[in-house]
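Novice: Attaching a single structure in structure tokens format; questions to follow.
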Amino acid sequence: MGSSILLLASVVSALGGLVFGYELGIISGALLQLQAEFRLSCVQQEALVSSLLIGALLASIAGGRVIDRHGRRNSILLSNVLILSGSLVLLIGSYPALVAGRITVGFAMCISSMSCCIFVSEMVTPDRRGFLVTLYEAGITVGILAAYAMNYFLSDSKRGWKWMFGLAVAPTLIQLVSIWFLPAGSNRSLSPGEPRSTIENQEADEVQYNNAYLFQRKDNMRTRTVIGLGLVLFQQFTGQPNVLFYASTIFRSVGFRSNASAVLASVGLGLVKVFTTLTSMVLSDRVGRRPLLISGCSVMAMCLIAIGLLSGHSLTSAKTHCHSEDLEVNRTDLPHLAAGNQLVFDTPFDESQRPLRNNTQDDGVLVGQSDGPLASPPGAHGTVVNWIILLCMMAVVSAYSVGFGPSLYIINALKKV
């Protein structure tokens, strides 16, 4: 019975990660349609994207207290109800409803992420904890990939953004049903040959502590708290969430001409993230959390430095607008990037036919761009630089999935660092 409960708990945790990742990634492609349909300004787009994080921030303040008071299982149930409610609000079809729905979903996602990881970590022994807790991160990456895939398949659909947001209901309902078959408390499973008295003694030794205990020298809690908080803060400072939120927009700026090609490139990014996360799952218990975290951070740092140095010589340095007139769904297959401060299809006919403004490849990636009538085209050099930046972005995402991504959940879920 213990193994079946453990398996079901792992499934619930993976589903929680799946919903988390889907809600993170779905805005990437949905934003392209929402921008055109609601004619969103730059500030409105930024508010819509960041509203998810506002909800998560609110949950991070109150979530720990909710989980401690009502338990992990009930907290997961609460997150399910909130995600279902937020998804329905998103379908209303007004900008305030979109913001309110995203805040609700963000609150639920944060509660779910804390509950699922703690729930599983308390049910397994340390030798299996790395693999099972990393299942949550694997669920996140699969959810991101699924979101990008839905973005691509629905990119040509009228009001396809409603389907994009609404599809999150399916895995949420499955998790809601599954959680009912799990016990209210977290009963850690025994390792082969481990006596039951081991767990009973550990449970008898558990003591209730207040928040001040986290900052005391006793049991090295101050250092452990600083490490946990540092991991959370620096994970966000890496900018990884921004890459996920604006993946399609970033690929458009690199040179992918149409919405569909930019979203398809995002699918490739999701595939890379899934592959590296699965690799991390295999290595986390063998190599260790610390080596993976250090190596992942090192690769991220080098690639981000390379992107910073090269971006000044690529199309990513071009000034673009974020008004609805500049980016509309399925408007045309012509290059959408700006020539100077104008779109190619908005320039007069005689100017748009100049070689400097019509330097493209047949594979859907823009090669050259002119900053004015007298500017010289970047040519092949600009193309190489753009592809190097693209590869560096892939490497950053991969390194994050090996290091910061799973290590944060594993280390912070441990009772002892």
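Glycine residues also receive a Cβ, built from the backbone N, Cα and C atoms like all the rest.
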Novice: Would you please say which range out of 226-248, 364-386 has the annotation transmembrane segment in TrEMBL?
Specialist: 226-248
Novice: If you check TrEMBL, which stretch out of 5-24, 45-64 is marked transmembrane segment?
Specialist: 45-64
Novice: Give the one range among 103-121, 160-182, 226-248, 292-310 whose Cβ atoms make the most pairs under 8 Å with those of the transmembrane segment (45-64).
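Specialist: So the stretch in question is 103-121.
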Novice: Which one, 103-121, 226-248, 292-310, has the most C-beta pairs under 8 Å toward the transmembrane segment (260-283)?
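Specialist: Looking at each of 103-121, 226-248, 292-310 in turn, the most contacts to the transmembrane segment (260-283) are made by 226-248.
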Novice: For the transmembrane segment (76-97), I need the partner stretch with the highest count of C-beta pairs below 8 angstroms, choosing only from 103-121, 160-182, 226-248.
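Specialist: The stretch I would name here is 103-121.
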